[in-house]
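Following: one structure in structure tokens, then a few remarks.
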Ligand code: ATR
């Protein structure tokens, strides 16, 4: 069997997904390839029809199509349905089914780096910065562990209320409100795309009141040491880099497509171009 995988989005040329998936294919002893499909919105539907006709086994979906892909699919798994966001599509017989591995990818990266944190989540206070699609995926995955607090701070507070609707251990803050109470959090997760642009010196919030006992995490993976993590490092906090989330969400996609776990493979440092 020769697997056919790929990534749909716009733009996609900077994506690390081909490196990771080709590494999985090679190290699992499978034949196959992972292609990049840079698609304009007007061409999205045509591209999905083409991929169906070519019997693609599976593909990833990235910005800006994680929601827009949904009407073009035949079904969604429970998590993708709840999130209304798809980052992984699998061909199951003649049907294209959507999944979302972003949240579990984040969780796994946290578990690998800080194993005891996940074991004691019910005692932990967690803060998400941002209320976009990425925050939503992480929020719902962490919520399943019933943390003591799972708060959200966002520039537009109404978007944060939309996410945590109904969970009694969640509060919503504006970005400026939350700056003064950072020390109460065991984990702070930066989920916006601030820091992704080269020379982006903007900080989503000041970390002046950060405790050194806190784990500070940024889902931006390029640069690896974002401004946000750099400031957290200077304040001697514990860090969690974004590239491991990318690795583990890719691992989950690969497992969905092939029914094979890549658990034995060690995440590599993309920046060093190790493979
Ligand atoms: P994604 O689906 O990739 O998470 P998104 O839905 O566009 O992207 O969400 C982007 C997040 O980054 C949001 O939380 C957004 O805040 P708003 O909801 O107020 O728009 C946040 N964001 C983007 N630019 C920002 C900025 N300059 N300052 C603060 N927050 C910003």
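Just so you know, glycine gets a Cβ as well, placed from its N, Cα and C.
Bear in mind that the values here come from a model prediction, so they are computed numbers and not experimental data.
What TrEMBL records for the NADP(+) site is 78, 130, 131, 132, 133, 134, 154, 155, 156, 157, 158, 159, 242, and among 188, 215, 219 the residue it adds there is 219.
Just one of 3, 114, 221 is listed by TrEMBL for the same shikimate site as 15, 16, 17, 62, 87, 102, 249, and that one is 221. For the binding-site residues shown (131, 219), fewest C-beta neighbours within 10 angstroms: 131. A straight line from the CA of residue 219 (NADP(+) binding site) to the CA of residue 66 (active site, proton acceptor) spans 17 Å.
Checking the binding-site residues 131, 133, 219 against ligand 1 with a 6 Å cutoff on the Cβ atom leaves 131, 133, in sequence order. Taking H, G and I as helix, E and B as strand and the rest as coil, DSSP gives the domain 'Quinate/shikimate 5-dehydrogenase/glutamyl-tRNA reductase' (119-193) the counts 30 helix, 16 strand, 29 coil.
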